[in-house]
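Data block below; observations after.
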Amino acid sequence: MSLSDADHELVVEEIGREPTRAEAALFENLWSEHCAYRSSRPLLSAFDSEGDQVVIGPGDDAAVVSLPSHGDGEEMYITMGVESHNHPSYVDPFDGAATGVGGIVRDTLSMGAYPIALADCLYFGDFDREHSRYLFEGVVEGISHYGNCIGVPTVTGSVAFHDDYEGNPLVNVSCIGLLEPERTITAEAQEPGNKLVLVGNATGRDGLGGASFASEDLAEDAETEDRPAVQVGDPYSEKLLVECNEALLDEELVESARDLGAAGLGGASSELIAKGGLGARIELDRVHEREPNMNAMEYLLAESQERMVYEVAPEDVDRVAELAERFDLGCSVIGELTEPGTNYVCTFEGETVVDVDAAFLGDGAPMNDLPSDAPPKQERDLPTVSLDEAFERIVSSPNCASKRWVYRQYDHEVQVRTSVLPGDDAALLAIREAGTGLAFSAGADPNWTDAAPYEGARAVALENATNVAAKGATPHAAVDCLNGGNPEKPDVYGGFKGIVDGLADMCSDLDVPVVGGNVSLYNDSQDGPIPPTPTLALVGVKEGYDAPPLSLSGEGRLVVVGDTALEGKTDPRLGGSEYTAQFGGTDRFPALPVDSTDVVETIAEVADADHVLASHDVSHGGLAVTLAEMVHEDAGASVEIGTTEHGTPARLLFNERPGRVVFETTDPAAVREAFDGVAPVTELGEANDSNGLDITVNDETLAYNVADIADLRSVIDDEL
């Protein structure tokens, strides 16, 4: 990818001459879609990023959000970040995914925080295809290797399979960091005369041009031709960098910081000084390297991993070098900050190779004004399938099957904060410093947003909010990773615009500020574009660290809240469902609750009540899959659903309208009272010790023992 003619003319007009080779490469990368958001930034103003809890919102390496404290708890902040490593994970699934983890962890470090939790949201082609399974295995291995080695637990996430990811999988990784308020730093340069210090791994040639590579469609030969653009990670160096960063903060040696990610040293250093309104003079010869004969462009743009650039006061430079040596990390004093109004200058072998205004380099790219086509609306055209066949196919589909094969590879209890483990609706982390439980949910459903981008994205936000509420937490803040195909195609851009608006509207309705995020476009290949995919990572807060489990106790009554179709008030729709993915057909997307905020807040309140023995949200696969996930060898369930004027048994059991939760409770009347005027409460039956699941709808019955259900749900384990 090279600088376009129009961009080249703009650069020449601004700087008054032809750019040097190094300058042209910098503009090419920093003005790429990956860095400049040229096609997406005009849409992102739809998001509400403000709130009393927001300390630092979008624009930095990670967002900073304050937590409520309980009891004798202290004031604490968390950082939230998310990034994509999509193209690299197709070319090299292990290293592509591993370095995605490393990058988002360093974004956390650059705010002064210590990383305490990861979430991975993964999207692949049809599970039946060998190439999809190869990518799946490699990505999971890369994430588990890197996360386990650095001691950061992967506690939640999602996995989805869809034909349209065959030529371009998605790997979205989110990180939560814990931060004492007084340790907060930013990526905004502070003071002329301060030094720029590069700490971490030596610089090589890996990852060259990674930002521009991520801004193009994947070519047919990408797995071989684009391998040099994929970074190679070293988690052991990352662990040392994490601890070195803590030591630097302990001694208050850091004025500002930036992770070296997209566009490498050139991107990190120019962005840092631009945010501070300063200039800089950098000597590229001073960069510690691991390969000989590197040129200026390679020093600037290599995306070698495990590197940070720090702003350090001159009197503190020697101490920073001592601490870096203690942790066996390289350290180079590469330059210094200069007065406002001066340029970003880089020299190499005594010659000036870059001399430009950092603000123009970082923010001068013109935005794209692209046409968009609204996605077509789908109408009902559904096949007739027996209830047993539908249940077995859907419960055993990779999208609804157990993901234990994935999360059992992760060390999800390191740091001893995880009180609700992977496999539940949301993870729950004990923030003992504040006396606060932090619920964490992340994911999206491509079936939803493929069928209806706007409505599906609203459902993604509601589902993640319902996940944390089902564990008794109130939604607090979110970050998003917006993935789309080639925005130059009007139908693709129309779908992308739909997910942006849908996610923004529902988060606003829920009063959840979207405090940061990432955009990944050009996820397109010879197989076509991906479905528009709005990954959301959302946290909720509660007092204490206990939550009702997903699994039944076998001792209570079962109720579902928010299921208006079972009450005969709405038409159950199968649009975007696993039912239509398995059997074909189309339908409209489910209508969502009118007042989602009241529903979610009441779910959180009820989930924390003493009479609640278990809780589980209803979403992927519908009510039947939710019940199948709740039964186990020690507890079964008997469910009977009466006749309604709306919906066949299949539509009642397999529609995926979010905002519903199944509670096992010893006091159904208390649940009904809590939801009076908020959402309907429908009694389903009882949990018991029958070792089976019986569901009767309109005189049709499903009857399975839990061993058979476990066998159906083990398809990923069985295959891999």
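Every residue, even glycine, has its Cβ placed from backbone N, Cα and C.
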Binding-site annotation, Swiss-Prot, ATP: partner of Y37, G517 in D72, D480, D563, D571: D480
Further binder of substrate named by Swiss-Prot next to S84, H85, N86, H87, Q231, E303, S304, Q305, S520, taken from the candidates R106, R281, R326: R106
Recorded positions near H34 (active site) (Cα-Cα within 10 Å), from H85, Q305, G517, N518: N518
Residue from E83, H85, D480, N518 whose C-alpha is spatially nearest that of E303 (substrate binding site), among the recorded positions: H85
Proximal residue to Y37 (ATP binding site) among recorded positions S84, H85, N86, R106, N518 (C-alpha distance): N518
Least buried by Cβ count (within 10 Å) of the recorded positions H34, H85, R106: H34
In three-state DSSP terms, the structure that N86 (substrate binding site) belongs to: helix
Alpha-carbon distance [D480 (ATP binding site); N518 (Mg(2+) 1 binding site)] in Å: 6
Least surrounded among the binding-site residues, given as E83, E303, D480, when other CB atoms within 10 Å are counted: E83
Listed recorded positions among H85, N86, R106, Q305 whose Cα sits within 10 Å of G517 (ATP binding site): none
All-chain count of other Cβ atoms within 10 Å of G517 (ATP binding site): 26
